[in-house]
């Protein structure tokens with residue numbers, strides 16, 4: 001069993017660089033299947049989700065070279081082979097293979113996607129879009145088959161009943177080579193959607209409106225290879241900014257796009273966090289007294305659900321009472337009892353997280369229950385007096401590139417051990 005051990009209470013200082021966006025790259029890699037030549041992705045994070053996607057792609061027949069933060073993907077040999085089991089089941093983002101395989105072959109048979117347990121996250125919106133474009137859906141045991149019965153996908157007008165990043169991206173991928181025009185209304189607006197659309201447009205697709213709530217895709221016959229720089233990970237950036245405010249003695253977070261973090265930064269300003277925003281970095285000063293705030297998550301450009309948990313340890317340092325309401329994923333509260341185990345005055349009440357501070361945390365054995373809860377526990381461990389042991393760390397390694405090395409470079413006493 002692997003665990004992360006932190007001896008907390010150290011003041012951190014220095015500079016940390018943000019890696020490429022996890023939530024982009026997990027869609028960009030499957031999207032390369034649509035190309036008829038090599039696609040090169042730069043800025044790819046060193047995370048286990050990428051490792052799993054590379055394994056899946058190679059099983060399908062892709063030839064992939066990986067050097068540093070660059071992936072060179074030759075999708076020409078990809079075959080439409082059924083993949084009902086294996087890594088495809090443990091990876092939430094595996095659903096993007098439905099869009100790419102439908103777009104290339106008109107069919108796909110894959111195991112149902114996994115990932116973090118954050119409450120209901122059905123793929124109904126994805127299936128509704130695929131059906132509108134002419135695909136049929138059937139179930140074979142624990143896998144699902146989509147097929148167009150030998151016909152190409154057809155452009156369609158698609159209204160998303162709820163705002164969904166995954167369904168918006170999957171529809172864009174599937175529609176890129178469909179016959180005719182596809183219009184997505186009530187589309188999600190996240191930066192990662194723009195990133196995927198940029199890759200596809202550079203491959204020869206005709207996509208307009210990414211980043212707005214109406215996206216139009218004019219299908220094309222073929223897509224070619226290209227080179228693409230993955231955008232910085234706004235969630236990783238927010239995580240390190242929150243950590244810097246909680247325990248830092250002057251930390252510069254680089255490779256940051258401020259415009260992707262405006263709602264998050266606004267809440268830090270409300271708390272009284274002192275920081276300097278530069279062109280592609282944010283310098284976070286050592287903090288004094290912070291004020292408790294209340295937060296409600298919402299789709300972009302609102303406060304990101306993925307930043308709710310990493311921000312929580314910083315909130316615990318603030319004076320006063322506050323609350324967190326996650327309107328996106330109702331079960332994103334599993335970090336609360338773990339923080340309480342460390343001495344935090346925090347609980348759940350009527351579906352809302354409530355807290356009171358300031359708190360002095362103490363090291364304790366805790367368990368990461370999902371990716372962002374794991375990030376919260378790492379920050380809490382850095383803040384706490386004494387030794388913190390975090391188990392179930394595979395969740396953390398899914399989404400934070402070289403996290404041990406990055407924190408060590410700032411002065412943290414943190415290590416990954418195997419027992």
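Cβ atoms are placed via backbone N, Cα and C, with glycine included.
Here is what Swiss-Prot records for this protein:
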- 116: active site, proton donor (ACT_SITE)
- 22, 23: phosphoenolpyruvate binding site (BINDING)
- 92, 121, 122, 123, 124, 125, 306, 328: UDP-N-acetyl-alpha-D-glucosamine binding site (BINDING)
- 116: 2-(S-cysteinyl)pyruvic acid O-phosphothioketal (MOD_RES)
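Features as recorded by Swiss-Prot, highlighted on the structure.
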| residue | record | DSSP class |
| --- | --- | --- |
| 22 | phosphoenolpyruvate binding site | helix |
| 92 | UDP-N-acetyl-alpha-D-glucosamine binding site | helix |
| 123 | UDP-N-acetyl-alpha-D-glucosamine binding site | coil |
| 306 | UDP-N-acetyl-alpha-D-glucosamine binding site | helix |
| 328 | UDP-N-acetyl-alpha-D-glucosamine binding site | coil |
Local Cβ density at residue 125 (UDP-N-acetyl-alpha-D-glucosamine binding site) - other Cβ atoms counted within 10 Å: 21
Cβ neighbour count within 10 Å of residue 124 (UDP-N-acetyl-alpha-D-glucosamine binding site): 12
Surrounding CB atoms that lie within 10 Å of the CB of residue 23 (phosphoenolpyruvate binding site), all protein chains: 25
Distance from residue 23 (phosphoenolpyruvate binding site) back to residue 123 (UDP-N-acetyl-alpha-D-glucosamine binding site), taken between C-alpha atoms, in Å: 17
By Cα-Cα distance, the member of binding-site residues 92, 124, 328 nearest residue 22 (phosphoenolpyruvate binding site): 92
Cβ neighbour count within 10 Å of residue 123 (UDP-N-acetyl-alpha-D-glucosamine binding site): 18
Length of the line joining the Cα atoms of residue 23 (phosphoenolpyruvate binding site) and residue 92 (UDP-N-acetyl-alpha-D-glucosamine binding site), in Å: 11
Per-residue Cβ crowding (10 Å cut-off), top of binding-site residues 22, 92: 22
